[in-house]
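The structure under discussion is supplied below as structure tokens; questions concerning it will follow.
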Amino acid sequence: MLHFLLLPIGAGGWSPLISDAYQRLEVDLGERTKITAVATQGRYGSSDWLTSYLLMFSDTGHNWKQYRQEDSLGSFPGNSNADSVVQHKLQQPAVARFLRLVPLDWNPSGRIGLRVETYGCPYTSDVVSFGSDGTSSLVFRPSPGLEQKSKEVVSLEFKTMKNSGMLLHAEGQHGFSLSLELDRGKLLLLLRQASGPPSEPRRLASLGSLLDDQHWHHVALEQQHSHLNLSVDKHMEKIQIPLSVGAAQRPDFFKENFHGCLENLLYHDLNLIELSKHRDPQTSLQGNVSFFCPEPTSVAVTFPEPQSFLQLPWSTSISSGTLSIGFQFRTWNKAGLLTTFDLPQQKGVVWLYLSEAKICFQIHEAGSALNDGQWHSVDFISRHGHLTVSVDKDKGGVAHATSGLPVNVANHIFFGGCPGEGQKQECRNPFEGFQGCMRLITLDNQLVNLITVQQRLLGNYSQLQIDMCGITDRCSPSHCEHGGVCTQSWTAFQCNCSDSGYNGATCHSSVFESSCEAYKHNGNTSGYFYIDVDGSGPIKPQLVFCNMTEENTWLVIQHNNSELTRVRSSPGVNQQAVHFEYPAEEEQLLAVIRQSEHCQQELSYRCRKSRLLNTQEGSPFSWWLGGPSPGRVQTYWGGAHPGSQQCACGLQGNCVDLQTEDSGLVTHKGNLPVRSLVLGDVQRPGSEAAYRVGPLRCRGDKNFWNAAFFDKETSYLHFPTFHGELSADISFLFKTTASSGVFLENLGIRDFIRIELSSSTQVVFSFDVGNGPREVSVYSSVPLNDNRWHQVRAKRNVKEASLQLDGLPVVRQQAPADGHFHLQLNSQLFIGGTASRQKGFRGCIRSLQLNGATLDLEERAKITPGVRPGCPGHCSSYGSLCHHQGRCVEKDNGFHCDCNITFEDSLFCLSEVSAIFKPETSISYIFKEPFEFSRNSSTSPPSISSNMPPKGEDISLSFRTTQSPALLLLVSSVHRQYLTLLISRHDMLEVRYKLDSSQEAEVLRSGGRSLADGQLHSLHIRRLTDSVSVQVKKSTSSLIGTALYLAGLGSLGYSGCLSVVRFNSVSPLKAALLHPNNSPVVISGPLVQSSCGSAASANPYWFSFLSSPLFCSVTPLLSPGFCHVSVYFLTFFLATGIIILHFQFLTTNSCHQIVIEKGSRLS
């Protein structure tokens, strides 16, 4: 280790005469040195010290390169007094001869003052230079006796000013070759097939950017079998390749070789440059090759700020009539002023500027896509009033204009911008300032000496960095994840996440849920959904079908043949193999199976004279392959245990000699999915066989309900350190009755990350990545300690931090453009508490995911005192998903909606139960517990059953029909009491009640438009003692009529649709359709379930029935057509506790008023 004491303490230190932003200290170390650390002090015995500075290095004293600790962090913290030493170890050692220290800030009560020390090691190297002829190369052919090693290693350093050229080419086995090529300043690893006609190379990797900056860059290739690691500077990419790298030679298909210098070119332990110097027979040189590295003479200048400018003196004679300006520039910005000068004779101004990445000169433009970070040349020439602007020597375009007078310049020309306000205005700039680099500036074909400008001997400038190009590529490596496209300006980058399935500033977070279970609890019903099983992880989203019609939610993945398929024998083929292809990728399939609580796949085999297992030596005739690709051989069949070599019937002990079918479910997750069948014994005469492999079906999400309950503030769970250096997303659900507590904390030496409930209405996400503590807070208008589930999503990346609570708007905080961005943690991750055991959380945390990986809280809670696995009580949060009075039922992991007491069905009691009836259709519903009464009793029996309210009924239904007359409902008893609901021959609704056999029936008859018009109508009838109300609903208002003591009816047929039938608390139609085997119903005639009573019906003019028909339109809605359907016939008949229900009807979109006509009878 070398220690350079550059400014000894006794000397007092360095302090410039003027303390301003243009000072610098340059040090010559005498030779190239590997510098590992820098230490600073203030000036001895003074108030002079630096508080921050930039560090730059150079091999020649020109073409400086700024050192950055991280990709975007350029400045170093300095001192806080004159005596203490502040040392910075360089994350990546720098190799240079010259060191430059640029003061940024200093003690405001003093001046710039500095003592500096550097630490490092001697550095030796061998260098070779390749000329600009495009044919120069060094070829290495290993001797036959060279020992073959299991790992191939090639490493080198290179520097160049040319952005394209072949750096390395290696021939391999099987006619393949690998090439390392520079392309527009990026290093590409390409794979080619040498044999056969030339083809487009396959790109294996792309690393680095702006590598044509004439600075040394390190490259290493390490290959072991088909695995290869490519490193460029401090970035590495792992690659899978199908060949082994061998001898290097010049390919015929590449047009131009590398132009620049190589250093320390090593193949294993062989120094190829040293071998070439000594003319080793394994090496040969071609073209213009030398063993030293010439340095360029061009000087670049950086315009880092919009206010930067360079002013140069320039004047032209009127008599010459010609002038020319030339320069090269590179930038990421689409707009900015390049140069401007006055035209005193014309009293005008010339502006040459970038607009939409094109060169613009007044109204003329040339070039395109000039904000690509590459060097572009610009030439402006005026000859006798004819103006020409060319880009990239005419390759990028040419623009022309004509001036009435010769163009001449009187005093100055400005590049990049103009002086700011308060300075003498000799420049006007209506455009944005230029941010980028320029070099090779010429005025009238004379190269401007920028070093003289830097020494303040020529022109003027502000906020420039001379003798360096400070451009950085913020998109290399790209921080945009999951295929997001990176674009950039001089100060920032953006990610376009379109069509990636991810969102956020860096396309980190998935826009899809992780399972069907998660979609269900968002209120979705069955359908196709994209799921992303690992959230922000590397596994891509996949399209699956989520079946939510049962209590369990099933995820279904089809394959290419799930139908029953006959095995067709082929002559001479004893076995037939069948392969199943799944639309999901391998890692997607395995992740779904791993995440699910249960998976299954039907495996069926039907046969005659085709044996599966019964060979004499015990080996099977047929088998199947399942599990991770390509699958493992399985000799058991559906319904049996793995390894049992049995069928389902063998396990159950009920096989017969003429067994013709074996079917069952494969449920062992390690053997799923089924990938192939191998079927034998199908060649014998009379043999027949058919197989069916069903789709993969999985239910349950082990991650979604994974929860832990923290019953003390001092209790917590701990996990390994969270690694989210560049991107971190954390999501979880919590419920609590406490007003505060820490959900999560992970500490580093200085960095940390924490999420906490700071009050009953506020969640805070705080962190520090080296720029000082930062907080993102979300406030809720409702208390969060209501013992209901609340969701938290916290994200942090190199661009921003964000926090979202439930469905509230996302709160974001931008990250500093040039600050630290690596989150460096080293302690354990604490859940539900902190390392100090203070401010712990009391309550439940569920489904905790960090960067897409779910932490197993339940498993850790089983062995942790003060923490219990699981957390019941989900209906308080999800009960609102159960509609139409469906009852939320708690489960250990989740809940389900009990729709038995509703007239609805489906996952959340949403689907209306409807059926199509024909005249011969009927349903009888038998009440199991009728009132006990004696025939000789003087007490009258109840109207219907024990389920109804005392002395009353509550009946609702919906119907549509075109038949009239038609019976909708009949209730009668042995005591000659009855209730009827029917459509009259005049298409009107009639309701008849008779509760007293000694009086005439009372009739309620509707008026208005027809009800037998094929449209959906909803009825609601309520009776309490001697008061009856009838409501007919269609849209948005209602008319209600009342009658006393109704009676009398005949019998009619019915054809139409009936839906959502409810009699008090009984849903007879639902029982008949969905539970006919365990409900007291008898069905006669054809009964077909249909969506005829639903708003989702194919007829766009059908209206859905609402459970509480409170409103109905007074003005009829006219339909352009009718939809004729068969509906439903339901009759109530009461006799000794048995009620038979018959309905039939079809209706309109009209609203009708119920009118009362006492004593009227149905004719």
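The first residue you see is number 1, and the count goes up from there.
Quick reminder: no glycine exception, Cβ is built from N, Cα and C everywhere.
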Need the cross-check against TrEMBL: the disulphide partner of Cys871, picked from Cys844, Cys899, Cys909.
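Answer per the record: Cys844.
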Just to confirm my parser: what is the rounded mean pLDDT across the domain 'Laminin G' (706-871)?
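Result for the domain 'Laminin G' (706-871): average pLDDT 91.
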In the structure shown, which of the disulfide-bonded residues Cys844, Cys871 has the fewest Cβ neighbours within 10 Å?
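Counting other Cβ atoms within 10 Å of each of the disulfide-bonded residues Cys844, Cys871, the minimum falls on Cys844.
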For the domain 'Laminin G' (127-293) and the domain 'Laminin G' (706-871), check the count of CB pairs under 8 Å (sequence separation 6 or more) and say whether it reaches 3 or more.
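Answer no, regions not in contact.
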Who are the long-range neighbours of the domain 'EGF-like' (471-508) in its own chain, taking Cβ under 8 Å and residues 6 or more past its ends?
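Cβ under 8 Å, 6 or more out: 68, 71-72, 186, 207-210, 235, 302, 304, 330-334, 373, 435-437, 530, 532, 536, 540-541, 726-727, 729, 795, 797-800, 802, 817.
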